[in-house]
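According to TrEMBL:
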BINDING   B:Arg202, B:227-228, B:241-245, B:258-265, B:Asn279  FAD binding site
DOMAIN    B:3-182  domain 'Electron transfer flavoprotein alpha/beta-subunit N-terminal'
Amino acid sequence: MKVLVPVKRVVDYNVKVRVKSDQSGVDIANVKMSMNPFDEIAVEEATRLKEAGTATEVIAVSCGVAQCQETLRTAMAIGADRAALVQTDVELQPLAVAKLLKAVAEKEQVNLVILGKQAIDDDANQTGQMLAALLGWPQATFASKVVIEGEHAKVTREVDGGLETISVKLPAIITTDLRLNEPRYVTLPNIMKAKKKQLDTLTPEELGVDVTPRIKTLKVSEPPSRKAGIKVADVAGLVDKLKNEAKVI
Amino acid sequence: MTTLVIAEHDNQQLKPATLNAVAAAQKIGGDIHILVVGGGAQDVAAQAAKVAGVASVLLADAEHLKDFLAENVAEQVLAVAGDYSHIVFPATASGKNVAPRVAAKLDVAQISDITAVDSPDTFERPIYAGNAVAIVQSSDEKKVITVRVTAFDGVAAEGGTAEVKTLQAVADSGLSSFVGREVAKNDRPELTAATVVVSGGRGMGSAENFKLLEPLADKLGAALGASRAAVDAGFAPNDWQVGQTGKIVAPQLYVAIGISGAIQHLAGMKDSKVIVAINKDPEAPIFGVADYGLVADLFTAVPELEKAI
């Protein structure tokens, strides 16, 4: 079974982003970029499937600017066998990415695609579901446990109020939640090995996909800031404030 | 211009998230219809018909729709999508699961988690874990939207007199099947709907210690929440997690106990009306957003607070 793992290069989750002064977007020049944390979990899961003998090959794919190659090298250092970059400088939105991934999934004849449930920059939580729709495959989103059983994948999902387990027919799409696994640290020898692995570059034109954005960002602003609070000296002071000033209890 | 709101329910009760989604639909303008997709969900349709401001309720009821599998629900929405300019889902686990599938089949971009409606094609939504707010405009003919439920006050559940129209259910896709469900036991108010939330973090130290929060939550009639660190450490169940990757809450009062206040956590609670933080580290970032901060050891402060209320 071939597994495709899409990965996204995003602003590192520890960075507190700033809005540009012209309100055209968020300033991401000169900030640390990393692999989207949910995608790391996806690469780890695919690698574990390979180690268990379930997957034969793991292909990492990323869409975006040339620097996404670094993200793909990281995926290969975790365990992906090879990688592909769909290179473009156009701003990519989830629908366009889903179309690109559909083309790659068909070209590579994969049976399973594992994606992160959302990217921590646009917080959209759409791409996996959209890809499933475009391919006409079933989807198992927000996965916290995956068991491949022959022609089906049994997936436990994190839903409001608890967990649910569904069975999806392969080929299928899985999106990862935080609890699915703990991604391994990449080691120096594996980083060196990853440099020798194959990385192909494609373009949206080659794949025949129109990536023109459908949603226009008119303005990006800082969220309203909360007015500075106060520190109270003790529990009695806190209760007094809650009762008499905030009137919430 | 007519908006279709997809109901959130459990086949018995219409969930409050639906009322918030209807509120967002009202801001868009035009008629509002509610679609109930489920199995044995006639009561839900009857409840939906009473929701204020709703012109019509559509019910698609079949055994294979009972467990809300994305493939089937999306097909059911698509079966009627042609009649609507806007298709609105609450941004719950189930709305987030289905909406993009519908959008992709319609070949439109979806707008996730809107917090405000500026015009029928322009919406506000948080990005980067709520560290920025984007105003976005859709150029698609149909808009598929998910609504952040805490950002809109729900419409009244009573007062409407819509008619319920039964739809023919779509065929079972056969692509997926339901296996089982593990519902976390909880007698407390639902986390996303609670007016008071008491949350614990890594500072609680253990699952055992997390029980310390229960008497306080009982007294306040509060829902219990947790930070990602507390959930990852196994102190609290997954569905208690408040944050960018968990639930988004905006109660009247949010009490953060032993929570440092990482960006990912703040994204889930910083729209609360009043935030209280109890933490022994005076430098913890949570004090930057707290209206009232108490620098103290939680193991003494929490029981004391419980007694004092």
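A Cβ is built for glycine as well, from the same backbone N, Cα and C atoms used for every other residue.
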Which of B:Gln241, B:Gln244, the listed binding-site residues, has fewest other Cβ atoms within 10 Å: B:Gln244
Binding-site residues near chain A, Cβ-Cβ under 8 Å, from B:Arg202, B:Ile259, B:Ala262, B:His265: none
Greatest C-beta neighbour count within 10 angstroms, which of the binding-site residues B:Ile259, B:Ala262: B:Ile259
Among B:Arg202, B:His265 [binding-site residues], residue with fewest other Cβ within 10 Å: B:Arg202
DSSP-derived structure type at B:Gln241 (FAD binding site), helix or strand or else coil: strand
